[in-house]
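Now, the feature entries from Swiss-Prot:
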type	residues	note
BINDING	148, 149, 150, 151, 152, 153, 154, 155	ATP binding site
């Protein structure tokens, strides 16, 4: 085990000098002897000096402090022992419940599965959320992005997905909190505890207040734990909240390492960093990883390089819209902007496909008529268009749904709607079977039968 000494500290970047014949390799983990702080090697500068990123606060570090090379990359505990626990980027527990007991530790830097190992699947994953199951269905082993600006409900949607999948499908999930609010992480833990699904979730947090090194690597820590479960032959869910902060941490590290910035100030290695992470999130012949990633959209601009780079890797994109949230419709999913590769009659069946396209057709027509309504009023529309508008407004309200995880705020019990009921309900609305009901009957209900029941009390 070679030993070196600190020669320079600039924020989270620490330069360490080693004897020339014992220079550590890129990604090796070094440990500052006095305080147990882990450093990860990023660059070899020559003359035995390596440039590292600190995986913790570098406050109080001094030059010439002794540093040891562990000779291996950062490794984290994997396996059953991680379930129900909150860990940091190094796999150390932060929930005050003793050490994480596992038989194995895996390096966080791993190669993506080869072509031969990968498998493509077409099986659908039912989420119980109407708008998602109908218009942007998830594939088992697919990647889903939840796009939205600040405060439109990315985290709440994600928590509902975890709750539904854990309760209804009883699968294992890994949640990586990357650069998000500590308060949300805390709420999330208690939410999981209260709904008795904590023993099926591993939680890995590197929150907003952590140094950039932690936020850059914590997604890899969570992914490594998910890969272990996948290689055991399980179907795992990997939740990342928020993938944008992973990019942002990369930008901070890149600037500290002195790289030249590219478009909008992002790191020049943006596409490569994103690809390294995303290519590992895949299904093999032994098991699958289905990932749901929240993507913060800076200033609601989807063409920003960070969300634009993420788009390329996803199978389904769920776009949350501020305009829909303003109408009080939650989940605020934009039904015309959200897409999925699975929305294909060969995968989901002809009936589901026709209903989904029918719903989008009605909403699209309503969008076109809005200008005419704004200028001339409803009375100038033809009878057919009036009917379209009335159905569109019903559909719009029917796309809302009370969430289990939001019961505390809304006072309404959550609803899980099966895919069969979802398709049947929307088909009935498009076919005009419920034209006689007032539109407010469709707001915040589960199935269309519940809407009919609600109408009796209006």
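Each residue's number is its place along the chain shown, starting with 1.
In case you wondered, yes, glycine gets a Cβ from its N, Cα and C as well.
DSSP assigns residue 148 (ATP binding site) to a strand. The number of other CB atoms found within 10 A of the CB of residue 148 (ATP binding site), across every protein chain shown, is 26. There are 10 other CB atoms within 10 A of the CB of residue 151 (ATP binding site), with all protein chains counted. Residues 148, 149, 150, 151, 152, 153, 154, 155 make up the record's ATP site, and a Cβ search at 8 Å around their centroid adds 296, 320 from the same chain. Sequence-distant neighbours of residue 154 (ATP binding site) (same chain, six or more apart, CB under 8 Å from its CB) are 146, 148, 241, 242, 294, 295, 296, 320, listed in sequence order.
The 10 Å shell around the Cβ of residue 153 (ATP binding site) contains 21 further Cβ atoms across the protein chains shown. Within its own chain, residue 149 (ATP binding site) has 296, 297, 299, 300, 320, 322 as residues 6 or more apart in sequence whose C-beta sits under 8 angstroms from its own.
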